[in-house]
Amino acid sequence: MEEWRRWLTSLIPGSSSIPRSTLAVLLVYSFSSQFLPIEPYFVPYITSVKKFSNHQVTVDIFPISVYSQLIFTLLMAPVCLYLSHKITYGFGVSARLVFSSYIFLLVSEEEYQTMTSLTTTTSLLSFMLASELGQLLAFQEASYGIFFVISLIALGICCAVTFLLPKDHSLSSISSLTSSWGQSKQGWTTLLKETWHGRRLQIFSLWWAVAFAGISLVQNYGTNLFDAVDSKSKLNGHILAASEAAASLGSYCAIYIEKFASKSCLSIYILGSALMGILCVSMGISSKIWVTYCLYITICGIYQTLACLVSVRCGQLLSNGQYILLFSINSFAGLLIETLLQAAIEISGLSIFSQFISFAGFFFLATAICVGLHFVDSSRTSYLVLETEPEHHISDST
């Protein structure tokens, strides 16, 4: 028994910045916030109980959630600055990004990747277990009311644990921000420029936004695609659980591939977005439900691995410590892109299969843009190196 305990302890890297009790609270919060067995069955609930058609869900209902997240995500940064990160969790779904920036305020830069991966892995494993529980309830033909009750209990625990989280230091920046705003009406503009200073940070932020937009659409319409390929399949819970398992494995592995990703610069992200485009094409043309399931699981795993890496990379490149501002605007940009694509889908009236092919086109376009920016950045860096070499040569001769 002791050997098992030591083995489990070894899987969870310790932190020199925070005590293990605080780490436990963070992990409990991460777990309870995502234990939602109703989520994999929300579309079946709407279609079977509320009697909406699949087309109505796709065109009329889901877009509202996207638009509402867009508004609240934009409000995250100023609210966190004035009310602190802990209070801002009350905003709901859009506040999930607050938790990532909150962690960066608690630990040193060397532990960004470890803490991000640990909390993300815990959240994804929680959702996986909730999906499996939902699948079990579905097989037992349980009432959807039970799904909702369990989800609400988990969210109640999450809210209670929020009061145990350590205080962040975001309020310390209020005085400087207020004085900056008082001296000049362009205080926020100056802060935004300081936050996105640096070509590398801008490129990584762009990839973050476009990848977030693309995968959000894939996940929003994943269950719709399953229903269109095989309406008799009742394995949504298992498949979403498997996708979360793949994503949690990817986020945990990010701890060990961080150095490789840093050396590869943008190459690993370019390759990832290209692969996600190929997977979307395959999902759009597949007529076999098991093929569609496997492709969906794979794309979720790839994205989550890269998402954990890019958020930490952006945090490391940030020079002024305004993590919530960076995370909020990056996510807002992703949601804005998602909203525009969502509107285009509504107007075009594409079938669910054509939608996934259009998602693939978006990923390929994003890949091409990132390749171009990466080439320009590399050329600019090489030029600067060559430009400084003569100066070093002259100083050495002197």
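Placed from the backbone N, Cα and C atoms, the Cβ positions cover glycine too.
Annotations in TrEMBL come from automatic prediction, not curation.
Checking the ranges 21-42, 109-130 against TrEMBL, the transmembrane segment annotation falls on 21-42.
In this chain, the transmembrane segment (290-312) touches the transmembrane segment (201-219); three or more CB pairs sit within less than 8 A of each other, excluding pairs fewer than 6 residues apart. Just going by CB pairs under 8 A, the stretch in 21-42, 142-165, 290-312, 324-345, 357-376 that sits most against the transmembrane segment (264-284) is 357-376. Residues 203, 206-207, 210-211, 213-214, 217-218, 265-267, 269-270, 273-274, 276-281, 284-285, 341, 345, 350 of the same chain lie 6+ residues outside the transmembrane segment (357-376) yet bring a C-beta within less than 8 angstroms of a C-beta in it.
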